[in-house]
Amino acid sequence: MENSKKTNIVLIGMAGAGKSTVGRKLADLLGLAFVDVDTLIEKDRGLPLQEVLNDLGVQNFRRLEEQTMLSMDFRKYVIATGGSAIYGQAGISHLRRSSLLILLDVGLATLKQRVGDFSSRAFVKTADQTFAEVFAERQPLYTQNADLIIDCNDRSVSDICQSIIRQVPDTFYHF
Ligand SMILES: Nc1ncnc2c1ncn2[C@@H]1O[C@H](COP(=O)(O)OP(=O)(O)OP(=O)(O)O)[C@@H](O)[C@H]1O
Ligand SMILES: O=C(O)C1=C[C@@H](O)[C@@H](O)[C@H](O)C1
Ligand SMILES: [Mg+2]
């Protein structure tokens, strides 16, 4: 599908990159609805995300995240994905058919500051992986799947939204 036929903006990127925060504001500014894939999973399971991940384990959580994306059929939405969504390639490809994928690019040091201690937070990694290793593993996946990459380092949420609005083709969100 050509970009002009796409009606959603999907934000991808690491945990702590600002997908949920920027997504909500961007939707407001563009007059689009907003949905967060993490919230869809929590509603579906009736549990906080951390508990869903604890119950399912990493592999099954990834499958659930992919299935959730595959089941989505939205129009005129800004969609925030979870940081681990990028492992669900079929789900990402499905979203891409109807959406422009935008990577919120943030450096490792800032991400670490924002998310703090990963031992007390839902995060998809194997037991022996460090945050830096997960960052290095995911970065090429995010980049390969992005239609647009936004440098979000040392920038306010408003500034990031304005930058996205400037770079997204007019034909895309002027329905
Ligand atoms: N541009 C920014 N400048 C400063 N702080 C920010 C910025 N964007 C987001 N934050 C802060 O960083 C934290 C993480 O943001 P957010 O939850 O939106 O990330 P996320 O990408 O949705 O992460 P996850 O993958 O875990 O859902 C929040 O406390 C948010 O307020
Ligand atoms: O980056 C991650 O591994 C995750 C980020 C969150 O959005 C959630 O999707 C989940 O906690 C996993
Ligand atoms: Mg989020």
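Just so it is clear, glycine is given a Cβ too, placed from its N, Cα and C backbone atoms.
Nobody curates TrEMBL annotations by hand; they come from automatic prediction.
What TrEMBL records for Gly16, Ala17, Gly18, Lys19, Ser20, Thr21, Arg121, Arg155 is ATP binding site. Same-chain residues at least 6 positions away in sequence with a Cβ under 8 Å from that of Lys19 (ATP binding site) are, in sequence order, Leu11, Ile12, Gly13, Asp36, Ala80, Thr81, Gly83, Leu104.
In the three-state DSSP scheme, Ser20 (ATP binding site) is classed as helix. Feature annotation from TrEMBL assigns Mg(2+) binding site to Ser20.
Within the same chain, residues at least six positions away from Asp38 (substrate binding site) with a Cβ under 8 Å of its Cβ are Ser20, Leu49, Ala80, Gly82. Mapped onto three states, the DSSP output places Asp38 (substrate binding site) in helix. According to TrEMBL, the feature substrate binding site maps to Asp38, Arg62, Gly83, Arg138.
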Listed binding-site residues adjacent to ligand 2, that is, members of Gly16, Ser20, Arg62, Gly83, Arg155 whose C-beta is under 6 A away: Gly83
Cα distance (Å, whole number) from Arg121 (ATP binding site) to Arg138 (substrate binding site): 18
DSSP-derived structure type at Arg138 (substrate binding site), helix or strand or else coil: helix
Residues among the binding-site residues Lys19, Ser20, Gly83, Arg121, Arg138 that border ligand 3 - Cβ under 6 angstroms, in sequence order: Lys19, Ser20
